[in-house]
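**Q** Straight out of TrEMBL:
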COMPBIAS  B:181-206  compositional bias 'Low complexity'
DOMAIN    B:30-157  domain 'Response regulatory'
MOD_RES   B:ASP90  4-aspartylphosphate
REGION    B:177-212  region 'Disordered'
Amino acid sequence: MELGLMQRRLEDYTKSLFMEGLLDAQFLQLQQLQDESNPGFVGEVVSLFFDDSEKLLNELTSAMDQQIVDFRKVDSYVHQFKGSSSSIGAQRIKNVCILFRKYIEEQNIEACLRCLQQVKQEYYHVKSKLETLFRVTSLLNPIVLKENLKHPLGTDSLSNLCQWLDYFANTSLLL
Amino acid sequence: MAVAGAVLRQNLPGNMDLCGKTGKGVPEFHVLAVDDSIVDRKVIEKLLRSLSCKVTVVDSGSRALQFLGLDGENSSVGFDALKVNLIMTDYSMPGMTGYELLKKIKGSSAFREIPVVIMSSERILARINRCLEEGAEEFLSKPVKFSDVERLTRYLLRGEADEVSEFGKRKLPKNCDLEVSSPSSPSSDDSSSSLCSYSRSSSPLPKRCKSV
């Protein structure tokens, strides 16, 4: 019963990410591809996305930081970021990239710098939401749960877990 | 993501085994996928594997040519490369674009018969036209979905000729003239819009149009 309710809370959380426009149908595609033969698929793709994005954002920041901005280079990075975010369904990032490219075409440096800020914000926002999602999902796995009760968790996973436990404590559920 | 996936997962179409083993000794189809994006490589590989295809994924046009033995080096062609049934390539890649790769493949006597599909996040008509004219079977919009790949493998790899696509050539039944300008498949449904057939010799892009 408790596990069922937690699962429903998790579904609600996931749904909210779609409602907020953070994720789109492409994310559903990835979930549909996940199966017993590869139960970590979505997590793996998203993980690759995070690694790839960190590198891209560094390159992008550096390129925008130059005395003379090479707009073709900047455009290439933004195009890549638009592609990868679209492939995992990170809709808001993708939309900022589309806008970003428009300003690149106009060679409007001020607007580009604003877009760079915005794209970073959107990235860290969706990253944080997805990390929470994956962490809680893995914690729901009873085996993982049992193991985690034995060993100390990292501080951020611990605080996330505490939030969830508080929620359930308030709804009078025992874990 | 098991929980969320279980809730939100829709049933994948039955008969998933479109590319693969039927248990009767039918060989697997081998797809070569080319994409410079690590995320897209992971996704396309999974899409194809879920359809039971054998997949080789490379990160550039030059590596694709290397794999096929078309890179001009005196490397012996791997046994694997001889059995590629389909090539799917991204359009925008650094170094060699998907279009340039397409030209090299179509320019080779050994590999020109292999269907090539281009994938791109940008729907630029001139680009699509150019690729189709150069012999690409189809131009898929990114992000690529399961249904795109499933449809593709069904008609390209199993030769089920009734399929049409938004940007691909109409597969005509064998007894039809390539120059015929109206849809000629006997099984086409007149009440639904269908593509006009598109022959390689003419340049207009196929548009959705009602059958006459």
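Backbone N, Cα and C atoms are what each Cβ position is placed from, and that goes for glycine too.
On this model, are these features tucked inside or out on the surface, and what's nearby?
**A** Over all protein chains present, the Cβ of B:ASP90 (4-aspartylphosphate) has 27 other Cβ atoms lying within 10 Å.
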**Q** What average pLDDT is reported by the model for the domain 'Response regulatory' (B:30-157)?
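**A** Here the mean pLDDT over the domain 'Response regulatory' (B:30-157) amounts to 91.
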